[in-house]
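Taken verbatim from Swiss-Prot:
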type    : residues                   : note
BINDING : Cys14, Cys17, His18, Met80 : heme c binding site
MOD_RES : Lys72                      : N6,N6,N6-trimethyllysine
Amino acid sequence: MSEKKGATLFKTRCLQCHTVEKGGPNKVGPNLHGIFGRKSGQAAGYSYTDANIKKNVTWDEDNMSDYLTNPKKYIPGTKMAFGGLKKEKDRKDLIAYLKKATSD
């Protein structure tokens, strides 16, 4: 896994809609700080779809990988417009970056 490659993926595929820093703003998508260990649909100040709230999953590496493979399949009704990362290596790299960038 490569955090560096994950950071590049985040900048090119995620940054237009998400922030990762503590206290960062919600954009089109929610701020992701503290995402691991948090339940879906629970970022403060972000207006989620009922689908995200009702999924009621606690984010970890495994289910985040499943979600990033095909977000609309994992949570039908999500407003995340991202089509997904099909390559497992890309998902692992992105998750390695997110684990570091979204923690305290």
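In case you wondered, yes, glycine gets a Cβ from its N, Cα and C as well.
Each of Arg13, Leu15, Gln16, Lys27, Val28, Gly29, Leu32, Phe82 belongs to the same chain as Cys14, Cys17, His18, Met80, is absent from that list, and has a C-beta within 8 angstroms of the C-beta centroid marking the heme c site. Least packed by the Cβ count within 10 Å, out of the binding-site residues Cys14, Cys17, Met80, is Cys17.
Long-range neighbours of His18 (heme c binding site) (same chain, six or more residues apart, CB within less than 8 Å of its CB): Phe10, Lys27, Gly29, Pro30, Asn31, Leu32. DSSP assigns Cys14 (heme c binding site) to coil, not to a helix or a strand. It is 7 Å from the Cα atom of the residue listed as 'N6,N6,N6-trimethyllysine' to that of Met80 (heme c binding site). Within 10 Å of the Cβ of Lys72 (N6,N6,N6-trimethyllysine) there are 16 other Cβ atoms, across all protein chains.
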